[in-house]
């Protein structure tokens with residue numbers, strides 16, 4: 001395809017917003033706060049920013065440079081560098097396909113919660129009544145209203161991955177709606193996406209800012225924010241802290257999926273991607289911190305409410321057990337009375353000892369939750385305790401939807417762009433081809449709306465991308481530095497920007513980033529092997545909680561296939577190209593010999 005025939009972004013701002021919309025996703029809201037909570041609060045920011053400088057920004061810069069120089073999707077770009085490396089682009093497409101299959105189910109859940117937010121009482125605020133209309137449903141009472149609504153009403157989840165049921169009609173319709181919206185956003189390629197990102201990249205910040213103001217007015221919010229910014233420096237000696245900081249940077253920026261290469265391939269040839277790489281990386285990390293402040297304010301509110309409810313239960317227990325006057329014990333002196341009554345009436349106190357003294361604000365704040373559990377259970381529970389809870393619920397799930405849709409635009413573009421670079425696909429109209437890709441993903445993804453769908457979602461979320469992306473980006477940086485050649489890459493950048501990259505970029509590409517990726521790759525493999533049989537959280541409706549369960553044999557086999565399927569594209573493509581060249585070489589020699597004999 002000629003360079004001039006390729007469509008372009010209307011302006012550099014559109015490209016930046018597309019990258020921001022893609023990079024700033026659900027992980028900024030539900031994984032970064034979890035890692036801060038797990039690894040020492042503010043102390044986690046130290047390894048996080050170090051990894052941003054030595055890994056995130058250099059690799060982000062590299063992918064933008066490749067896309068802008070080659071003006072092709074991931075498959076075409078790597079094939080242009082070397083025919084043997086076309087499998088790197090193919091591996092990116094396969095990984096993006098896996099992500100697209102399950103990512104939109106999260107958006108479907110957001111739609112489900114959004115539609116249920118327009119009720120006088122939020123349905124996850126109270127337990128529904130049983131069929132006899134005599135009491136709340138037992139499963140809900142054993143769990144909590146928010147857990148029941150997520151696991152039973154939203155997912156209608158089965159007890160194990162082996163128990164499969166029919167499709168959840170409501171979820172299937174929400175899933176269909178998400179794919180219709182995704183298609184409308186990419187129907188005409190960058191012409192459509194470029195308009196949508198003005199909204200998907202900016203409105204979530206409006207909601208986050210509103211939530212920040214509201215969060216700081218909530219009772220106990222300060223406790224959560226103080227917990228976040230109180231560093232526990234001992235965590236810096238923990239290797240897992242550094243590994244998690246590196247992987248969070250890696251996945252948050254969306255490296256290795258091919259989306260960045262696809263987006264930058266629509267840039268003007270002399271676009272200043274260096275400045276844009278730094279800008280988008282800093283915006284992404286800044287958003288993670290901003291979202292964490294909001295999240296910890298909500299954490300503080302929820303933890304304080306739970307803590308005070310615990311104190312109130314303990315206070316009433318003490319008053320009833322020891323026949324004390326109502327105003328004898330208050331929230332401020334509960335622990336003093338526990339010590340006093342324990343010393344005065346040890347035998348009587350011993351009977352209720354297990355029900356007292358378990359109230360601990362620090363413990364409530366330290367309860368770390370990530371992923372859907374944070375977004376759809378913890379946040380939802382906190383929202384129910386807010387005045388005008390319906391308003392805050394609508395705003396929150398609209399924000400989740402926009403973050404999810406913005407990321408989906410990058411994910412689907414990573415599939416569409418490299419495929420459209422092939423001549424066969426280029427003959428089909430953009431509207432039809434993009435529709436076929438979306439329809440294909442919709443049909444394959446319907447399995448996630450079944451009763452066991454959430455367990456398959458967990459498999460894809462845990463194993464569908466991590467291993468392959470580490471491998472893909474490691475091959476990318478080694479290829480650029482040592483196969484394509486760092487000197488040649490420098491000249492390409494000079495041709496586009498008018499100056500060569502400075503020493504910082506070259507040191508990162510040649511030494512630091514590859515070494516770090518090798519460490520991450522080895523750590524992942526060792527961790528997977530040492531971890532034993534893979535497990536998942538199965539919902540036990542009798543207990544009203546999740547229980548750790550080992551995957552059955554077919555689940556373990558599927559995980560293994562998922563891990564190797566995308567990675568195997570690299571050696572298999574190289575082998576195919578080698579065999580093809582060898583075959584053509586033999587045919588050429590035979591033809592040459594025949595011509596010589598004829599002569």
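For all residues, glycine too, the Cβ spot is worked out from N, Cα and C.
Whatever TrEMBL says is automated annotation, not expert-curated.
Sequence-distant neighbours of residue 403 (Na(+) binding site): residues of the same chain at least 6 apart with a C-beta under 8 Å from its C-beta are 24, 25, 26, 28, 29, 200, 204. According to TrEMBL, the Na(+) binding site annotation covers 23, 24, 28, 252, 284, 403, 407.
Taken from TrEMBL, the feature transmembrane segment applies to 12-32 (among others).
Taking Cβ pairs closer than 8 Å, the transmembrane segment (44-62) reaches residues 35-36, 38, 231, 235-236, 241-242, 245-246, 248-250, 252-253, 255, 260, 273-274, 277-278, 280-281, 285, 289, 473, 476-477, 480, 501, 504-505, 508-509, 512-513, 516-517 in its own chain, all 6 or more past its ends. The transmembrane segment feature in TrEMBL is assigned to 44-62 (among others).
For the transmembrane segment (83-105), same-chain residues at least 6 beyond its ends with a Cβ under 8 Å from one of its own Cβ atoms are 73-77, 171, 175, 178-179, 182, 256-259, 261, 404, 407-408, 411-412, 414-415, 418-419, 441, 444-445, 448-449, 453, 456-457, 460-461, 464-465, 468-469, 471-472, 475-476, 479, 483, 562, 565-567, 569-574, 577-578, 581. Per TrEMBL, the feature transmembrane segment maps to 83-105 (among others).
Annotation source TrEMBL lists transmembrane segment at 165-186 (among others). Same-chain residues lying 6 or more positions outside the transmembrane segment (165-186) and placing a CB less than 8 Å from one of its CB atoms are 104-105, 107-109, 111-112, 115, 154-156, 158, 192-193, 196, 404-405, 408-409, 412-413, 416, 434-435, 438-439, 441-442, 445-446, 448-453.
The transmembrane segment annotation in TrEMBL covers 198-222 (among others). Long-range contacts of the transmembrane segment (198-222) within the same chain, counting only residues at least 6 positions beyond its ends with a Cβ under 8 Å from a Cβ of the stretch, are 14, 17-18, 20-21, 24, 287, 290-291, 293-294, 297-298, 300-301, 303-305, 307, 386, 392, 395-396, 398-399, 402-403, 405-406, 409.
For 242-266 (among others), the entry in TrEMBL reads transmembrane segment.
The feature transmembrane segment is assigned by TrEMBL to 278-299 (among others).
According to TrEMBL, the feature transmembrane segment maps to 394-416 (among others).
Taken from TrEMBL, the feature transmembrane segment applies to 436-457 (among others).
Outside the transmembrane segment (463-486), and at least 6 residues removed from its termini, the chain residues within Cβ reach (under 8 Å) are 59, 62-63, 66, 78, 81-82, 85, 88, 91-92, 94-95, 98-99, 102, 247, 250-251, 255-257, 506, 509-510, 513-514, 517-518, 520-521, 524-525, 528, 534, 559, 562-563, 566-567, 570. Annotation source TrEMBL lists transmembrane segment at 463-486 (among others).
Marked as transmembrane segment by TrEMBL: 507-531 (among others).
The transmembrane segment annotation in TrEMBL covers 551-579 (among others). Same-chain neighbours of the transmembrane segment (551-579): 83-88, 90-91, 94-95, 98, 161-162, 459-460, 463-464, 467-468, 471-472, 475, 533-536, counting only residues six or more beyond its ends whose CB sits under 8 Å from a CB of the stretch.
In this chain, the transmembrane segment (242-266) lies in contact with the transmembrane segment (278-299); the count of Cβ pairs under 8 Å, excluding pairs fewer than 6 apart in sequence, is at least 3. Residues 97, 100-102, 104-105, 108, 155-158, 160-168, 171-172, 175-176, 179, 182-183, 186, 412, 415-416, 419, 428, 536, 538 of the same chain lie 6 or more positions beyond the ends of the transmembrane segment (436-457) yet place their CB under 8 Å from a CB of it. A Cβ distance under 8 Å defines the sequence-distant neighbours of the transmembrane segment (394-416), meaning residues of its chain 6+ beyond its ends; these are 18-19, 21-26, 28-29, 73-74, 92-93, 96-97, 99-100, 103-104, 106-107, 110-111, 113-114, 117-118, 178, 181-182, 185-186, 189, 193, 196-197, 199-201, 203-204, 207-208, 210-211, 254, 257-263, 375, 379, 383, 433-434, 437-438, 441. Here the transmembrane segment (507-531) has Cβ contacts under 8 Å with residues 51, 54-55, 58-59, 62, 243, 246-247, 250, 466-467, 470-471, 473-474, 477-478, 480-481, 486, 489 of the same chain, all six or more residues outside its ends. Neighbour list (residue 407 (Na(+) binding site), Cβ cut-off 8 Å, at least 6 residues apart, same chain): 21, 22, 25, 26, 103, 254. For residue 284 (Na(+) binding site), the same-chain residues 6+ apart in sequence whose C-beta sits under 8 angstroms from its C-beta are 20, 23, 24, 28, 252, 253. Minimal Cβ crowding within 10 Å, among the binding-site residues 28, 252, is found at 252. Apart from 23, 24, 28, 252, 284, 403, 407, the Na(+) site neighbourhood in this chain, defined by C-beta within 8 angstroms of the site C-beta centre, holds 20, 22, 25, 26, 27, 254, 287, 288, 406.
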